[in-house]
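A short worksheet on the structure shown next.
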Amino acid sequence: MDTKIGSIDACMPNSTDMCSAANGAVSTVHNSVPTSVVKNPEATLGRHLARRLVQVGITDVFTVPGDFNLTLLDHLIAEPGLNNIGCCNELNAGYAADGYARSRGVGACVVTFTVGGLSVLNAIAGAYSENLPVICIVGGPNTNDYGTNRILHHTIGLPDFTQELRCFQTVTCFQAVVNNLEDAHELIDTAISTALKESKPVYISVGCNLPGIPHPTFSREPVPFSLNPRLSNQRGLEAAIEAAAEFLNKAVKPVLVGGPKLRVAKACDAFVELADASGYALAVMPSGKGLVPEHHPRFIGTYWGAVSTAFCAEIVESADAYLFAGPIFNDYSSVGYSLLLKKEKAILVQPDRVVIANGPAFGCVLMKDFLEGLAKKLEKNTTAYENYHRIFVPEGVPLKGEPKEPLRVNVLFQHIQKMLSGETAVIAETGDSWFNCQKLKLPKGCGYEFQMQYGSIGWSVGATLGYAQAVPEKRVIACIGDGSFQVTAQDISTMIRNEQKTIIFLINNGGYTIEVEIHDGPYNVIKNWNYTGLVDAIHNGEGNVWTTKVYCEEELIEAIETATGEKQDSLCFIEVIVHKDDTSKELLEWGSRVSAANSRPPNPQ
């Protein structure tokens, strides 16, 4: 996304100064009275903020009203290019902004002071972990209350109003507390530009008495300016390319593996260019699924150690050289630290750094520049893909069930696979859907999102809302477990209100299946709901909604035909009843290894 934002009547700091807003940097300004009043009723802080959001590509803002943000919301919704999407709670508003940012490149939510801010905090932390630029806007206290020793409602009962700010310092890359109209435009512009440059969330608090006051600094349309692109150190880039090319050209069967940081590095196209030029087999880490084209002729699947897609791990782990572009190796992606990889065989390419085996590291080298340069230096080598092609055996079709036989999960996903096209996108909730959705083969143009680093149960309901709002031309297919759905079910209401046409497969197996496979206990059993009945109650005769329960393959086929045919313009909620022990073999393997990692005894002191 070519993003432009702007200053109004003053020069902003140069790009080096702007980038210096490190994690934890705080900008706070104190009380002042506006020096003059202008005649234009739109020359207000609220309208300036609204225009800035529209300029960076945001057309929908996810909100929960509270008394400290009501005037601000008035001015935001007065902006013709900005839609207000009212959510049922702050957590879902944050999740929705996360889902929106995954498609649009940036998202925004608006909540009220402390009681709203601390509620949205978990979603903002998830966006931080996934490198998503989310602008979290909070309606703050009246500017006259700062420094007065007063105790306000919605706080924890202390006259110090900084609790919320301090919480956000660790999960945002810039914080602006706007209590002064003179510097408000600069703080807002710096916050938004920092979110875009760092690809992380930012926090903006706006005093509740400021949004509607005209001020000269807002009297003209904001002047857009382009964010200066970051540049590689040219000598370091050339040295990194030369060293990597020498390393890879000596290898017999090298492979490429794409990771989740391809997104933040904006290097997906460069990665494909490298794959095309090199001829190497091409795999993806689980959290990078959707960033690497699965229709590529040498794509071999998801590399996830012991739970990789069929025959992918054998090729990656037997390679004598592997280039990982934008990886995150945590206990989940490494399957409890059990990956059979060797550092001396690896090139690790991060957004601005390249490390080659046990040897040199090159800083100030941008991933996009490095991959593009390396593509010109590699000799073609298709050995790894030929090995994969030789050992690959296509996955069998699930056995045909008996008439009215209880539905199996592998049969469900066989039918979901047939639904995918360039006009669809898949949202996979934390749980067994991680593993089943990983096995889906994404056609060209099909979106795919899930939250692996943070793994917040319930994320998918809000994220589905936000993603579908961002790309109304795609039909979102969400796969959500019953336990996860119970956390955030309310915002099905917001999907209905905004006429979304998502298809939700609610997989009802009676509990927290992913937790069961890590460590079982009575706490993993949940109260069963009548999920279709709940959605019908939320629908309440307003909007286009269709619900059904399916127990067998015949009913599933009929439901999918209805959802994609007669009810294609409706939100379709399909509750799929499956056995509580019908889990993927990948979850069983992964769960046992993560459990082993979690239960390691303390090291001897």
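In case you wondered, yes, glycine gets a Cβ from its N, Cα and C as well.
Unlike curated entries, TrEMBL annotations are predicted automatically.
Keep in mind it's a predicted model, so treat the numbers as computed, not measured.
Look at TrEMBL and you will find Asp482, Asn509, Gly511 tagged as Mg(2+) binding site.
For 44-149, the entry in TrEMBL reads domain 'Thiamine pyrophosphate enzyme N-terminal TPP-binding'.
What TrEMBL lists as domain 'Thiamine pyrophosphate enzyme central' is 241-358.
Predicted-model confidence for the domain 'Thiamine pyrophosphate enzyme TPP-binding' (451-576) is 92, expressed as mean pLDDT. Residues or ranges marked as domain 'Thiamine pyrophosphate enzyme TPP-binding' in TrEMBL: 451-576.
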Tally of residues which DSSP labels helix, strand or coil - the domain 'Thiamine pyrophosphate enzyme N-terminal TPP-binding' (44-149): 50 helix, 22 strand, 34 coil
Going by DSSP, how much of the domain 'Thiamine pyrophosphate enzyme central' (241-358) is helix, how much is strand and how much is coil, in residues? 39 helix, 25 strand, 54 coil
What counts of helix, strand and coil residues does DSSP assign across the domain 'Thiamine pyrophosphate enzyme TPP-binding' (451-576)? 58 helix, 28 strand, 40 coil
Same-chain residues at least 6 apart in sequence whose Cβ lies under 8 Å from Asn509 (Mg(2+) binding site): Asp432, Gly481, Asp482, Val578, His579, Lys580, Asp582, Thr583
Provide the number of Cβ atoms within 10 Å of the Cβ of Asp482 (Mg(2+) binding site), excluding the reference atom itself. 25
